[in-house]
Amino acid sequence: MNKQSTPPGVAPGTPPVLQLRGIGKFFPGVIANKDVDLDVWPGEIHALLGENGAGKSTLMNVVTGIYQPEEGEIILDGYGQTFTSPQEAIRAGIGMVHQHFKLVQAFTVAENIHLGWDEAPRIASPAVMEARTREISERFGFPVRPDARVCDLSAGEQQRVEILRVLARKARLLIMDEPTAVLTPEETGELFRALKAFRAQGNAVIIISHKLDEVMEISDRVSILRGGRKIGTFNTADCNPSMLAATMVGRDIVRRNMRARPEGAAPIAPDPVMQLRNVSVRDDRGVDTLRDVSLDLHGGEILGIAGVAGNGQRELTHVLTGLMARTSGEILLDGNLVERADPALFVQAGVGHIPEDRLRSALAPSLSVTTNMALREYPYPPIGTHGLYDAQAAGVLAGDIAELAQVTIPDFAMPIRNLSGGNQQRLVARREIRIASRVLVAAYPARGLDIGAIATMLGYLTDLRDQGVAVVFISEDLEDLLNVSDRIGVMFHGRLMSVIDAEAADMATIGLLMGGRDAADTQPGATQ
Amino acid sequence: MAARAFQRLPSAPAGRILVLRLVAIVLSLFIIAGVLALSGHSPVTLAELILRSTLGSRFGLEDLALFMCPLLLTGAAVTVCGTIGLWNIGAEGQFYAGAIAATGVALGLHGPAFVLLPVMTIAGILGGMAWITVPTLARAYAGVNEIITTLLLNFIASLLTYYLTTGPWRDRISGAQVSTQRLPVAIPEMWGIVHWGFPVAIVIVIALALVLSRTRWGYEIRIGGANPEAARYAGIPVRLRIISVMLLSGGLAGLAGMFEVAGTVHRLQGGMANNFGYLGIVVAVLARGSCLNVIPAALLMALILDSGIVMQTQQLSASVVLAITGLILFMIAIGDELAHYRPVASTTPKGKAS
Ligand SMILES: Nc1ncnc2c1ncn2[C@@H]1O[C@H](COP(=O)(O)OP(=O)(O)OP(=O)(O)O)[C@@H](O)[C@H]1O
Ligand SMILES: [Mg+2]
């Protein structure tokens, strides 16, 4: 077959670390992969791109032995291999870091690193494991605190532990499925530095990402999947983001200013639907996660919330949807004081919520697609009448949502976790938009979506705005925020730094605010 | 690296599980036959006898139905609780509590059967509910593990029964040991010695299956069991649902006790629960979380129990019978596990790639 010449920098005659030949993987009603050929050479970072449901995660699960391919072969260092489990794959030097971390939350970092590891000492005291972990962490240049409990770590720190787990097992090929989706920009920078160091030792990386700028920055070559088939492999140096995007979706993606309202759109309502007045939240450990936040939500307006993740956005969404009780301050819905945090109350008031962590908080992964789609509307006709649950009506609803979300589902009775990450996200978004008659709180709704789907998602938000719904749009992507928001608030250390008109805002100002600088020093033309 | 020919899948199709369970049962029967033959029994005669006294005769079928009746209800009790992700290990104790409450009514009140029986039924259900109340509230409001609390209450219920049947309620008429006198009323018989509790239990199990799949409450229970965080997100009052499910579970086990005392045994006796509560856990595990599956699972369990009694009449000790029961269940568990494995459909050639 297509015998490839060794790329520059690799000793002649060296075989690729990984070769895939004609891989095919089928699920009932879905061709997840078909005829996929892929070469990954030592010393390269190979990006894998594709729309939601294109088959990226499935392909990598095939490589790491989670799935068995129906067709094709996997060749490692020139030898055919069959893996029946991820353990076998890691023994052969292939390690994967999944988007949903698989760490034991209650264990320490050192315990997690040693869990299920052949080379872990048979009798290991915490001190021994921590010393080993420290040594490994220094060797690979991933700083971790060996004695910290995983549940106390940030997403970025947890990811470092996952990577170390893999590297400690002598991986030569590291596969990362959307690693940057949950990272702050600084954490992403650190990750990329580490990946480059790993590459410099003659190892290889496969990275899946929807963020084209990152792909341009980090990768040597890019392979693009569409509908389960590989479209091609390109040298990153010959690519640019728009060309990648067009190749990925098979058409051009137009980005337009979506702040302009069409004819007949609902105007911004003068009276706020929801108000926060000096709301603060203190967590169990006595840390103030939300400090003295006041804001008004008006129908027909999109309020963007910018800020580095972890600065109180989670708490803000939870307070706005009744999932978290405030420690002090007031919340008003339609001018009425909300006495207690009760999600049911907010649902009834027409508040939709696309949460940050869909899989954990908005879906029951083991239940069917239909059951999950009914989660918001089961108490109301046609699904719920006289205390009954009409499974057939729920099926109709699920069909409607899937159609609007442009997700094809072969079998509505299968567990929703079988859908691709992005498709789950699209379904949750559509489900929430349906019930958001007054307010939609969308936390990172574009996370995990492909570039075409992001444009569609932003379109959903502006549609809601035009119908007179108040939208809270939390994002890290300033471009997206500026594209659709009417006003933009910036969060820093639990404080809402300031809310500025999107018209007058520019990236630099917002960037300064995100770093905790006061509005007064940044506002152009501010006196004193 | 040597390629293994099998891969474990996270879920197993129902048909494959059924087939492997049948294989497991047949295999264990062969093993049992072999061991019995070696120890000087005739497996063929024994098998014939067992068949004749269970499925093969009217009396056998009647016995089976009587065994099934409590198993259906305790199995359903554990299954319902499992739907919201909780384990009711205390069906045994709730069974006793239901039996005690029903007996109390029968011994304490006087009246015609058509008045007494409904009151006893309600008392039985309330007795079971009362017995699970403390574990329920501890679980719902303080997060106390229900497995331990429900389990510990079993011993108290059992001892309470011994106390009552040897103390205040002991049989003063015929002098039966560890027993009350015969109750003045009984659940009417429907078919031979099979009382109406049996069809009622079947109907209850079917109704529960419908409630879980076709009502709002059932939907909320399923969501709460699959992901409590998503349930909270959807505004489902998870705590209230936990309370209602656990009380229902206790009520079912209590009803099993009432049926047993008023339909089958006709007296409250020490040790009368006969492990039906614990076997309910086995039934629920065999049913794999589906209420309808409780019916065949209870039938299988009843068959095993009934066969055990027949074997005991053939000079096989109770512990041998217990070992046989264990073997069959063990083999079924292996079958269930094997159902997750699938041959790898790969034809990867080995060797140097082109
Ligand atoms: N276990 C499964 N059972 C059935 N279908 C599956 C299963 N796993 C994946 N699929 C289907 O295979 C297709 C490819 O999914 P995959 O998760 O590989 O997409 P992806 O490229 O990773 O997308 P995303 O960017 O959204 O994460 C999807 O249509 C998905 O529904
Ligand atoms: Mg994916």
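Every residue, even glycine, has its Cβ placed from backbone N, Cα and C.
Here is what TrEMBL says about this protein:
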TRANSMEM  B:20-44  transmembrane segment
TRANSMEM  B:64-86  transmembrane segment
TRANSMEM  B:93-109  transmembrane segment
TRANSMEM  B:115-134  transmembrane segment
TRANSMEM  B:146-164  transmembrane segment
TRANSMEM  B:193-212  transmembrane segment
TRANSMEM  B:240-259  transmembrane segment
TRANSMEM  B:279-304  transmembrane segment
TRANSMEM  B:316-334  transmembrane segment
Query - Outside the transmembrane segment (B:193-212), six or more residues from its ends: residues with CB under 8 Å to it - result: 62, 65-66, 68-70, 72-73, 75-76, 79-80, 83, 186-187, 218, 221-222, 252, 255-256, 259, 262-264, 290-292, 294-295
Query raised in the report: Counting Cβ pairs under 8 Å that sit 6 or more residues apart, are there three or more between the transmembrane segment (B:115-134) and the transmembrane segment (B:240-259)?
Result: yes
**Report entry** Contact check, the transmembrane segment (B:20-44) vs the transmembrane segment (B:279-304), 3+ Cβ pairs under 8 Å, seq sep 6+
**Finding:** no
Requested in this report: Count the CB pairs under 8 A between the transmembrane segment (B:64-86) and each of B:93-109, B:146-164, B:279-304, then give me the winner.
Outcome: B:279-304
